[in-house]
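Let me begin by presenting the structure, written as structure tokens, before commenting on it.
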There are 6 protein chains.
Amino acid sequence: MRPSGRSASQVRPITITRHFTAHAEGSVLVEFGDTKVICTASVEESVPRWLKGKGQGWVTAEYGMLPRATHSRNRREAASGKQGGRTLEIQRLIARSLRAAVDLEVLGEQMITVDCDVIQADGGTRTASITGAMVALTDAIQVMMEKGLLKKNPLKTTIAAVSVGIYQGTPVCDLDYAEDSSAETDMNVIMNREGKIIEIQGTAEGEAFSTEELMAMLSLAKDGIAEIINIQQAALES
Amino acid sequence: MRPSGRSASQVRPITITRHFTAHAEGSVLVEFGDTKVICTASVEESVPRWLKGKGQGWVTAEYGMLPRATHSRNRREAASGKQGGRTLEIQRLIARSLRAAVDLEVLGEQMITVDCDVIQADGGTRTASITGAMVALTDAIQVMMEKGLLKKNPLKTTIAAVSVGIYQGTPVCDLDYAEDSSAETDMNVIMNREGKIIEIQGTAEGEAFSTEELMAMLSLAKDGIAEIINIQQAALES
Amino acid sequence: MRPSGRSASQVRPITITRHFTAHAEGSVLVEFGDTKVICTASVEESVPRWLKGKGQGWVTAEYGMLPRATHSRNRREAASGKQGGRTLEIQRLIARSLRAAVDLEVLGEQMITVDCDVIQADGGTRTASITGAMVALTDAIQVMMEKGLLKKNPLKTTIAAVSVGIYQGTPVCDLDYAEDSSAETDMNVIMNREGKIIEIQGTAEGEAFSTEELMAMLSLAKDGIAEIINIQQAALES
Amino acid sequence: MRPSGRSASQVRPITITRHFTAHAEGSVLVEFGDTKVICTASVEESVPRWLKGKGQGWVTAEYGMLPRATHSRNRREAASGKQGGRTLEIQRLIARSLRAAVDLEVLGEQMITVDCDVIQADGGTRTASITGAMVALTDAIQVMMEKGLLKKNPLKTTIAAVSVGIYQGTPVCDLDYAEDSSAETDMNVIMNREGKIIEIQGTAEGEAFSTEELMAMLSLAKDGIAEIINIQQAALES
Amino acid sequence: MRPSGRSASQVRPITITRHFTAHAEGSVLVEFGDTKVICTASVEESVPRWLKGKGQGWVTAEYGMLPRATHSRNRREAASGKQGGRTLEIQRLIARSLRAAVDLEVLGEQMITVDCDVIQADGGTRTASITGAMVALTDAIQVMMEKGLLKKNPLKTTIAAVSVGIYQGTPVCDLDYAEDSSAETDMNVIMNREGKIIEIQGTAEGEAFSTEELMAMLSLAKDGIAEIINIQQAALES
Amino acid sequence: MRPSGRSASQVRPITITRHFTAHAEGSVLVEFGDTKVICTASVEESVPRWLKGKGQGWVTAEYGMLPRATHSRNRREAASGKQGGRTLEIQRLIARSLRAAVDLEVLGEQMITVDCDVIQADGGTRTASITGAMVALTDAIQVMMEKGLLKKNPLKTTIAAVSVGIYQGTPVCDLDYAEDSSAETDMNVIMNREGKIIEIQGTAEGEAFSTEELMAMLSLAKDGIAEIINIQQAALES
């Protein structure tokens, strides 16, 4: 029995609120149950120096948490003078995943930065961030099309993410904090709408896991992501 | 005529949403028109090292802005490796103002940290932050009373803040970004519910100003703050 | 009775020594009683990158204290790896105040940096710094005129600063450390020679203060600054 | 055909030289073909502050590359003032993997730090690091046993790592730089000697990959790791 | 012919002003011609953590330059976020030299920090700093004796420093900036009052130098330092 | 009697292994007894910004130690966020010494960076680094000649370094850690093949030393360096 009473394959209620803040080209509040992340996509008509003159664009991401998004207050990274290893790892993952959805040559010498800021955390902040970031990115690209900054849509596919894991011996989908903090295995899966894998990261927190367990988790992830992509699509059409 | 169509003494619509996020002892979303700030108050049952054994508590504050809270994206302070001068100045002001409302000896050897994170900026982020922070602080103290961490309420008064300025020759109250960015003079005033001054910071951006103009601005601030303190009170009673 | 035996409106003995060090275009040792600050103005024939090509110049300031300028030794900011919030706040104030005296378009694409380094502190280091910086800036501009770097004098006015406060219930002018450390209210006022306000920053350290008290302090500041501007003038003419 | 002429399942020649440097409790030079990493394990008879009094030990890791371990010189991280995101990500992975082999309660309040420093890079530095680190850790634990710092061996299993990927459409094992830099998919697998998964991290660099491709890669990894564990064992017995 | 008209062995006019600032236990303005350094010695009744309980004291030093002590303005180290290599090298040299004059066990668990801040530079700032620091240290120790913090004087000797070099083929003593910037060889010598060497650092800036040239420079240094030690002594007796 | 049983003038067994790692233009493993340093020379076809357009090249150096090169583990400088004073001092010395061997104008607008990374330390790491760096630099210049990046060889001479000191009252050459940690005096000498001095740095760790002792040490250094230059030469010819 999961602490939330959900079935093993059941994802939390997911809501995606577009146009959440006023200034960004794409701005989304994504909620996976009690996990809430603001994702904004910002367009810049130039690229980082190392890409200048190469005829392609760039998509990058940054991740942060408000100090009291969690049960006890964490030190503000701006005050401690650097982003921690976990933060860097997550923002690298978000950026890599988003780039898998974009044809950077079609984007041209322009850059899109997606900021994912967690305002409330209850497990799965990185998968919620990726899911929301994809919608914010889509909106920003739409704005670029309307402004004439793009002649052709650079999106090759759409992506979404979900966490899966083994909790008390059973594979489950979309772990919340209560599950995540005591799961034997925790795995984040990012897939595209064709059901192919963009990234998979699985860690044995307690017990090492078998290939069969991996397969069971992957199967749950596939179904969960398909459902999440439908929710993304519905939000974009609303 | 003000860009927003408001009268010279009219503050923007102000809303205060309590219990905005789940984990903090006090959590408020404060909105001054399109300026939106999340203020959370976190309680810690110890004090910084330099205060240990002195029989008093501490109230401090930190301030931040999401990178795309503004018209164009600002660099994330956690990524640039330090908080800028403006950020430090604002968070020192918030903390100092809040401490003017608290009897630190009654608080005992406990610390309250108020985080003010701007998610959307349209002028007046520091005065909105102080106003929201006061409510979050009040809620956190209430939680401490209920948990038995305090025998007596350490609040001596309540405070609120508003900006005033001279826009196109006329003193006005609660400047939005359109006014703020072209005002001749910009002044932030923090007062308590007794109508006394906690802090006043006035800067001539364009023309130097006279004592008479200072008085006119101060008078607007007094009325504005009285109104804002009523809004705080109503929020706390709801 | 003030610890120094001064009357409520009496400023400390103020001396301004020009050409204090050899290399800077403007170099001043300013003394407000036992507070001693070296102010040097350095001219650069270019502007920061963000101002390039805008046809205007820039005036900026930096502030520091020798580690043992104070009663007990403070950690050297260069060794701790960053300037503290107080330092940043003060140098932003100095720079803003000086810019209020200069027509940046007449200055052209040139920059003047004023360094204020406190070698001995006894209260009022920021107001002494501003007062001395104004003289160093004036000397540097004179050098630029003589070198042909300026066709027209960009100075619009002259400014000076003084602190006022409420000490044991009485408004007093130019607080020394003994007063400053126990004052109920501390206010820094910067005015130009026309008697108009450039900046006002008042903080209730202990008790909140009334509009009447603000007025009384402002009146003391006005007289004090008029006297200090005379001392600046005399130094410049010697 | 692989650039190196190896078959799809063939790992590079792997050598493990123990006692490579003189001072560390465990010191290994591990070579996966032209990738060479010095792994040293250092024992400390205390734990980090956050673990004090909890009756358990800690195993951690740090990773670095000499500036010219690679084709062109990289900036020295000590000079740039911080470890990059890739470095932090790798050292977190190494540490997590090693902890999966150790019973931290049996270790008691002692800490082992494994430093992995790449002196020459040709792809697969993180898997070579983990493989060498496991041997250095084993040697350090042996020293602790001999010195009487441990009553019981805290090793629960042994682990090793290998990279797999899809190169020109074919799944291959233990990619060198020539393959790694143009592979469609890159996956790092860490397993224990029981053939169970400790960590799996797969990234689609070019094309997204299917579950079937994931299985094919995982199967290659299993065989490769079994072989590598034999090489570790032989080194430990020599 | 030296630019200053001095003879080869002639040091610049040297003045040592004691009690230069008010708060430090020792405070000296030392001038070697146009090089001017404020040296303050601060006493702390404790030692750094790594020395606690070892029954000995510590003497350390820090060095800095005001940004416009030199011909053109240097970036403030506090603003750039770190002390440069030259600064660290100099302050390590000053501290090491001073410790050669002190019996740290007699000092007991107390620390003296000497700050050397250059307010005007014209060559030889490190040798002027060491010379002035020795006097400030002596005054601070005298204060400690008077306060009863020391039962016995921990000074074993007194030290002073001078630079020597080869300028246009001729060995000269106490180089000023005009000489220093074009000398073939630059050597700093620190000796005690017994004429023995504490530290010698010689660098060939242009041509490598012979043992004979080294001897000639060392001989000049010996005479110069003897003269400087007399000046220190006279200052301490005044 | 020296701990190692060597005679007073005897250097440790010195080996120089060229082409130690694969990618660098020059790569050397230098061993002075148990002190082992990897020295790599990297060529860049441009110069630092401050040298652009001046028609000359640059030679620089960086120094590091693996955390467990020493008896107990040192904190990794990349993790602590800055290079320590000792590190900066050593790398400045290495770079200065190498530049004394190179005609920077003949080098043209190109830069060579020599990295010296200590993998095992037993005293004398800076002199071993300089000695190995000279060979790596020579190899890199040879590669530049072969690639046509240089028309003429910019080497003016060759340099080497050795430490000398006074151990238990006797001058000795090439101190190992056992001697170094208890020597009264420690001196590093860098000379060229003509037997002239490039740099000399002598420090009295315990007792101050006389001119006669300096001469005795210098004489030992001269012989030691002559021998080391022969070893360098033999390595370059092999």
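Heads up, the Cβ atoms here are built off N, Cα and C, so glycines get one too.
Quick look at what TrEMBL annotates:
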type	residues	note
BINDING	E:R86, E:G124, E:T125, E:R126	phosphate binding site
DOMAIN	E:10-140	domain 'Exoribonuclease phosphorolytic'
DOMAIN	E:159-223	domain 'Exoribonuclease phosphorolytic'
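Overlay of TrEMBL annotations on the structure.
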residue: E:R86; record: phosphate binding site; CB count, 10 Å: 14
residue: E:G124; record: phosphate binding site; CB count, 10 Å: 27
residue: E:T125; record: phosphate binding site; CB count, 10 Å: 23
residue: E:R126; record: phosphate binding site; CB count, 10 Å: 24
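The phosphate site is set by E:R86, E:G124, E:T125, E:R126; from the centre of their CB atoms, other residues of the chain with a CB within 8 Å are E:I90, E:V118, E:A121, E:G123, E:T127, E:A128, E:S129. Mean predicted confidence for the domain 'Exoribonuclease phosphorolytic' (E:10-140): the pLDDT average there is 97.
Reduced to three states, the DSSP call for E:G124 (phosphate binding site) is coil.
Pairwise Cα distances among E:R86, E:G124, E:T125, E:R126, the recorded phosphate-binding residues, top out at 13 Å. In the three-state DSSP classification, E:R86 (phosphate binding site) falls within a helix.
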